[in-house]
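Annotated features, as they stand in Swiss-Prot:
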{"type": "SIGNAL", "residues": "1-20", "note": "signal peptide"}
{"type": "DOMAIN", "residues": "21-82", "note": "domain 'LCN-type CS-alpha/beta'"}
{"type": "DISULFID", "residues": "31-81", "note": "disulfide bond"}
{"type": "DISULFID", "residues": "35-57", "note": "disulfide bond"}
{"type": "DISULFID", "residues": "43-62", "note": "disulfide bond"}
{"type": "DISULFID", "residues": "47-64", "note": "disulfide bond"}
{"type": "MOD_RES", "residues": "81", "note": "cysteine amide"}
């Protein structure tokens, strides 16, 4: 019984520590990375380059899952797109 409780506790701890980020990728200007006229699989490739687990075109921008915490993703509160 103690072993089962320890096992479940470890799983919960791993879930907290291995938390990953998700969101819209940004271009060099701080805007969402567009996929409007890109080929199929473009967003998945871009997400993999950023070490994400997967991604897709959430028209019209690339959305990624499983990104490391160092990757900057677009956020409404800190949006700098088109601003100087």
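Think of each number as a place in line: the chain as shown, counted from 1.
Here the Cβ of each residue, glycine as well, is placed from N, Cα and C on the backbone.
This view paints the features noted in Swiss-Prot onto the structure.
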residue	record	DSSP (3 states)
31	disulfide bond	coil
43	disulfide bond	helix
57	disulfide bond	strand
62	disulfide bond	strand
81	disulfide bond	coil
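Averaged over the domain 'LCN-type CS-alpha/beta' (21-82), the predicted model reaches a pLDDT of 96. Between the CA atoms of residue 43 (disulfide bond) and residue 57 (disulfide bond) there is a gap of 6 Å, rounded to the nearest whole number. In this structure the alpha carbons, written CA, of residue 47 (disulfide bond) and residue 62 (disulfide bond) are 8 Å apart.
Taking the C-alpha atom of residue 64 (disulfide bond) as reference, the shortest distance to any of the disulfide-bonded residues 31, 35, 57, 81 belongs to 57. Ranking the disulfide-bonded residues 35, 62 by how many Cβ atoms sit within 10 Å of each one's Cβ puts 62 at the top.
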